[in-house]
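Q: The structure under discussion is supplied below as structure tokens; questions concerning it will follow.
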Amino acid sequence: MKKILKYLSSPYPLFYQRWKVALISCGIVFFILLLFQPFGISAISHNKLGILLGYMVVTGLFLCIPVYLLPFLFPDFYEDERWTVGKHLLNNLFIFFFIAVGLWLYSDWIFGWGLRWDIFCSFLASTVVVGIFPTAFFVMLNRNRFLASHLQEAMEMNQYLQKAESIPNCNRMENGKEYIVFSGGTKESFELIASDLLYVEAEGNYVKIVYRKNEKCTQKMLRATMKQVEEVSRPFSYIVKSHRAFLVNLCAVSKVSGNSQGYRLFLYDCEDSIPVSRAYSKEVKMLIEKMNNR
């Protein structure tokens, strides 16, 4: 039981491209109905193809609820960094449920069966039976595939980090000894040597600036936006965005770890690890390899 719970709580990548989830699901529904023709479809003698295409369209419309609407209404539940195998399987049950609702309503409109619960349960059972096994298979396949890929790339980045001659030393980078000044919507500002910066994290209307001071990790809260922080960091090529809520000093990276979701960066003199989202992973990897291959 503990192994099952551990597996369900393991990281898993959220939707890469949501429209693909909807498109593939629509195609599966269409071809299954075309092949097996259940629910009285085999008895239809006219406009069968049009009715089947209608099932596909309805599937796509109702899929927008779990694929687009629910993540919008419950962003904390659908947080990319906290997405797990268990959440992914639960979300697939939501998908099965809404597909069944759509097929049930459309069938009543086409065949006039009435909104009977026994018919809905039949649609739901059929949807789950057809979908559960390929879903479980692809969850395991994708998790292992992404995990292997990210572990390999993390290992490659660690090899570049180990080859660096002077770590952690940003003085070898351009502007390494220059100062960076953070300011926001108030008169308050914060100045430090750019190479001492570890990372910046957005926290509501504030940013948390984490930096090295006397070989220790120190932090400062400043009322500012991530966009303002990005603007003042632009001249320093080694300070980059790794996530929508994080800006990181790549010269301070000591190690990279990988899981099925992506990467995490570990920094010198700091216990925190920094997430790298898919949108920034290629740039981060390229810069780490470029910086430490000089």
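Cβ coordinates are placed from backbone N, Cα and C, and glycine is handled just like the others.
Found this in TrEMBL, in case it helps:
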- 21-40: transmembrane segment (TRANSMEM)
- 52-77: transmembrane segment (TRANSMEM)
- 89-107: transmembrane segment (TRANSMEM)
- 119-141: transmembrane segment (TRANSMEM)
- 195-290: domain 'HTH LytTR-type' (DOMAIN)
Q: In terms of Cβ proximity under 8 Å, which residues at least six beyond the ends of the transmembrane segment (119-141) contact it?
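A: Sequence-distant neighbours of the transmembrane segment (119-141): 12, 28, 32, 38-39, 85, 88-89, 92-93, 95-97, 99-101, 103-104, 107-108, 113.
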Q: What residues in the same chain, six or more past the boundaries of the transmembrane segment (89-107), come closer than 8 Å to it by Cβ-Cβ distance?
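A: Hits for the transmembrane segment (89-107): 8, 21, 25, 29, 39, 54-55, 58-59, 61-63, 65-67, 70, 113, 115, 119-120, 123-124, 126-128, 131-132, 135-136, 139.
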Q: What residues elsewhere in the chain lie close to the transmembrane segment (21-40), defined as a C-beta under 8 angstroms and at least 6 residues from its ends?
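A: For the transmembrane segment (21-40), the nonlocal Cβ contacts are 15, 52-53, 55-57, 59-60, 63-64, 67, 95, 99, 103, 107, 111, 122-123, 126, 130-131.
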Q: Residue list, the transmembrane segment (52-77) vs rest of chain: Cβ under 8 Å, 6 or more residues beyond ends.
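A: For the transmembrane segment (52-77), the sequence-distant neighbours (Cβ-Cβ under 8 Å, at least 6 residues beyond its ends) are 15, 18, 21-23, 25-27, 29-30, 33-34, 41, 87, 91, 94-95, 97-99, 101-103, 105-106, 110.
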Q: Averaged over the domain 'HTH LytTR-type' (195-290), what pLDDT does the predicted model reach?
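A: So the average pLDDT across the domain 'HTH LytTR-type' (195-290) works out to 88.
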Q: Looking only at the domain 'HTH LytTR-type' (195-290), what are its DSSP counts of helix, strand and coil residues?
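A: Counts, helix then strand then coil: 26 helix, 47 strand, 23 coil.
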